[in-house]
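Q: Would you mind keeping the following structure in view while I ask a few things?
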Amino acid sequence: MATSYAQEEKVAIAAVRRACVLTSSVFEKLIKNETLVKGDKSPVTVGDFAAQALISTILQNVFPNDPIVGEEDASDLRVESGKAMRDRIISLANDALTAPLAAGDDPLWGVGPGKDQSADELLDAIDRGNYTGGSQGRMWTIDPIDGTKGFLRGEQYAVCLSLIVDSKVQVGVIGCPNLPIDPAHPEKGVGAIFSAVRGKGARQLSLEGTDPIPLRIPPITSLEAVKFLESVEAAHSSHSFNDRVSAALGVKATPLRMDSQAKYASLCRGEGGAYLRMPTGVGYKEKIWDHAPGQILVEEAGGVVTNSRGEPLDFGLGRTLGENYGVIAAGKDVHSQVLAAVQKVQGELKAKV
Ligand SMILES: Nc1ncnc2c1ncn2[C@@H]1O[C@H](COP(=O)(O)O)[C@@H](O)[C@H]1OP(=O)(O)O
Ligand SMILES: [Mg+2]
Ligand SMILES: [Mg+2]
Ligand SMILES: [Mg+2]
């Protein structure tokens, strides 16, 4: 019998919901010495560590045998110089794990009032994210704060969780605390969770995990109006390459820039016509936690996600997607045209050198 993954989706939504409560409260109170710079020069905050500890703890309670590929590790927190940050992370994670939340979160998956974790348990929970990945079996991916730079700017970021089984994403959940609930009605406020299960469609939920609205990428009537979604950070994805592709397609709309996998979610709501992420140089390999939930969300909303060779993303190669051929996500009708334009621009650039 095929697995329904209903339990996995429920747990994932509950974990992302609690993590969103945590990250929002961290942003309100974040102070200067609560951010570290990692080896690759990217920032990481107490919110990233605490959210990974929280999600990993919930997964451990319900699926103790599932390995986890998580972005963060606790090595900087285990040393003496990490003590202040460590204490803060432990208190944040415990607050979020034990907070009594309203409906939509029952049963509590082993968390809730009186279920405080020790410092060692929470550091170990972060480090359970050290799985190397691979092509077989079940594994979860956690990006506790995707778009940390956006988070620090008070702009878009996302709490991202996925279940991969035998290299294929089966469940994806993306929490976007700063994304408008309804872009056509800004007065409705911000904060949404997006969720997809393979073969069962994609949905937008409230930040409480309730009130599902099915997601379907709307058809595009003219290429001129295809709004590209792209990174804010020019170092993460080439803006100039996107401009060339836009010109090749005759696109008139100005691109919509936002951080994180909120781009995938926005595409599913028709806020942009295509998400294009081309490498800016050599060396950087895309991570599976940066694309797995977004990929299933787009596919279940009727769209297509490939690299610039037109191949599906391969989540079975380890912690990264392997050689970086970029990412193109769009509705079915638009994807083939964007892919052709990307390959045309690549050909022109090659001819130049
Ligand atoms: N050189 C790079 N190329 C592409 N993506 C990058 C690069 N450096 C960091 N990233 C990752 O891009 C993601 C954010 O992308 P976006 O620009 O779409 O918001 C983050 O997960 C970030 O990793 P990190 O979490 O380590 O900062
Ligand atoms: Mg990061
Ligand atoms: Mg990320
Ligand atoms: Mg991150």
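Placed from the backbone N, Cα and C atoms, the Cβ positions cover glycine too.
Annotation source TrEMBL lists Mg(2+) binding site at Glu71, Asp143, Ile145, Asp146, Asp290.
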Q: Listed binding-site residues: Asp143, Ile145, Asp290. Which have a CB under 6 angstroms from an atom of ligand 3?
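A: Only Asp143, Asp290 meet the Cβ criterion.
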Q: Ile145 (Mg(2+) binding site) has how many other Cβ neighbours within 10 Å of its own Cβ?
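A: Other Cβ atoms within 10 Å of Ile145 (Mg(2+) binding site): 30.
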Q: I'd like the Cβ neighbour count for Asp146 (Mg(2+) binding site), meaning other Cβ atoms within 10 Å of its Cβ, all protein chains included.
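A: Neighbour count, Cβ to Cβ under the 10 Å cut-off: 28.
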Q: Return the residues near Glu71 (Mg(2+) binding site) by Cβ distance under 8 Å, restricted to its own chain and a separation of at least 6 in sequence.
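A: When sequence neighbours closer than 6 are ignored, Glu71 (Mg(2+) binding site) has Asp48, Gln52, Gly129, Ile142, Asp143, Pro144, Lys287, Trp289 within Cβ distance under 8 Å.
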Q: Setting Glu71, Asp143, Ile145, Asp146, Asp290 aside, what same-chain residues sit with their Cβ within 8 Å of the center of the Cβ atoms that define the Mg(2+) site, listed in sequence order?
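A: Result: Asp48, Ile142, Pro144, Gly147, Thr148, Ala158, Cys160, Ser260, Gln261, Lys287, Trp289.
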Q: Relative to the Cβ of Asp290 (Mg(2+) binding site), which residues of the same chain, six or more apart in sequence, are found under 8 Å away?
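A: Once residues fewer than 6 apart are set aside, Asp290 (Mg(2+) binding site) is near Asp143, Asp146, Cys160, Gln261.
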Q: Taking 10 A as the limit, how many CB atoms besides its own sit near the CB of Asp143 (Mg(2+) binding site)?
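A: Other Cβ atoms within 10 Å of Asp143 (Mg(2+) binding site): 32.
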Q: Work out the three-state DSSP category of Asp146 (Mg(2+) binding site).
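A: It is in a strand.
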